[in-house]
Amino acid sequence: MREVNFSIPNVNKASVNITTTLYDRRALDCTSTLPLINSLNHLAYLTTSSARIRDILTVDGGIERLVCILKEGRSNNLMEMWKWSLAFQCVVNIGVRGSENVRTRVVEADMVPVIATILDNYIKVMDKVRARSDSEAQRHRHHQLHHKITPTASDSTSRSSFSDASSNEQRTSRRQPPPTHIEIPPFFHDTRAVESNAADVPSPPRAPMTSPPERSTFGQDTYAHRSHAPLRHRAIQPLATAIPSMDAADGSGLRPVRDTERLPSMLPAAFNELASQPDSPTTPSGAGHIRSNVHVPIGTHARPPLSQHQSTSGDSDDANGEDSIMADDTGSGQSRRPIIGLQSRMDIDDDADRQTVIDSVTDSSHDLTVTDTTSDGQESETFNITHRSAVDGSIITNDNAQAVNNANSPPIVPSPYSLYFRDRTNIATQNFLNTMPREEDVLMSLQLLAYVSKYCNLRSYFQNSHFVPKLKIDRELRMLDEGASPVELIEEEDEYLLPDDVNIFPLVEKFTARHHSKDMSYWACVVMRNLCRKDESRGGIRQCANYKCGKWEEFTRQFAKCRRCRRTKYCSKDCQKAAWLYHRHWCATP
């Protein structure tokens, strides 16, 4: 039988195509993939911009043809995937931008089973990935625990041998006479070893330095004319509550001292040695910077310079002293390493946390990380059709991609499940990624449902639906199991033989949970609120919001409303308790 590729020889075309200025229904019957993709690409533009094209598609069988393309299923072939994505985009454009009659025709063209299958596939993928991620995380924790226990035993053995050796050395050293006692001033607390030539360096005379508890003041020129000796004694003065006595030659300007710089005793005990360096302005001989011979551990957190601090008092700080410090550092040509200060950033407290961060940075694979997001303050009746979608069928994975013409829309974040499977490189996983529903497909499905579900006369299509066999991914999900044998191809059942026993509202309600993206949760909440609309054609009665019940009111205001959202109605307390598991996610106060 000849293919249905209508050629146009007079314009040198192998088949009939849809362009941005010409719509031809025959182009949708083309069996060749490439010209059909070109036609669908232009049709996606026409369905967005032309209301007449949307109306024509509802009467010439164009919508039915697009739905048939969708029901053929997705394939691993890139061209087939592109064709499916473009057809889906066209149907969404028709349903979202069309009138009530156009939306009714989209539902009557059997588009609801396609949406139900997409949502069900996505939920199954999430459950599968969450289960695998939890098992892998548990195995990783057991491995880390075993890895930590083994070095601990070896360290205890080495420590015991080292203690024995040191005790033997102490026994031999006790035979020597004790060393001569050397008097050390009480304000010197440096415990580090000093070079031999440091004894010849005379220490400057030290005046008793005290300061009030609130603020300490001293001359700002004391930093300027200090001699830059290669080695200084590091000391710290005890704080007292008196005004320091200073010479007039030291400088007349006074500079306020901040509490975070004046209280080194608040530092952790592990850094007392570093904190005892004379960097605080309360120490008269403390230098404003550290020399190159002072070794600071790499793992310590450097305190920002004084110019980055904000004043803790209402007065303005004088920056001349700080400028002179910066000039000294620049002119000396030596590296400036500030000592450790109070922790004001996100620090790592212990070795366990540090190792966890290092492991997370060095780990090249992506684990499942579900972000807890909420969507507050959104109106239930507000619709937004400006979410960006792939008109050309390409997969959008840009973290900073914003919705078109919508500044308030959050950025589209790549799915953590796609990142999880992308790093597990095997044949089964790569084939599964091609058939896995994308987040934009789920988002457009929920968006289309939000527009067509508000018509109560179409509610039976949503509550009595089915799944499309060629779109289901149960076989691909079974291939992801570890040690799974190849699944034999089973002859699929005909779709028209399947019973309509699927209610789409429970599937949509699962997307109102907080671990989904904000856009998904928003559109899912809109769909669920449409379920609570009253049917004007039946006298304004409402249906019980518990999908397992489905009872209708016999008269208006028979059922009681939810006290929180004042929108949903339940026929009894039992139905309300049964539905609260997911209703709490979309139960918003009016």
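Any Cβ shown, glycine's included, is placed from N, Cα and C.
Swiss-Prot assigns the feature zinc finger to one of the listed ranges (252-293, 378-419, 462-503, 546-587), namely 546-587. Of all the Cβ atoms in the protein chains shown, 17 others lie within 10 Å of the Cβ of CYS565 (Zn(2+) binding site).
Those residues of the chain, other than CYS562, CYS565, HIS583, CYS587, with a C-beta within 8 angstroms of the mean position of the Zn(2+) site C-beta atoms are ALA545, ARG564, ARG567, THR568, TRP580, ARG584, TRP586, ALA588.
Along the zinc finger (546-587), the predicted structure has mean pLDDT 90. Classification of CYS565 (Zn(2+) binding site) by DSSP places it in coil, neither helical nor stranded. Secondary structure at CYS587 (Zn(2+) binding site), taken from DSSP and collapsed to helix, strand or coil, is coil. Around CYS562 (Zn(2+) binding site), the same-chain residues six or more apart in sequence whose CB sits under 8 Å from its CB are ALA545, THR568, LYS569, TYR570, GLN576, HIS583, CYS587, listed in sequence order.
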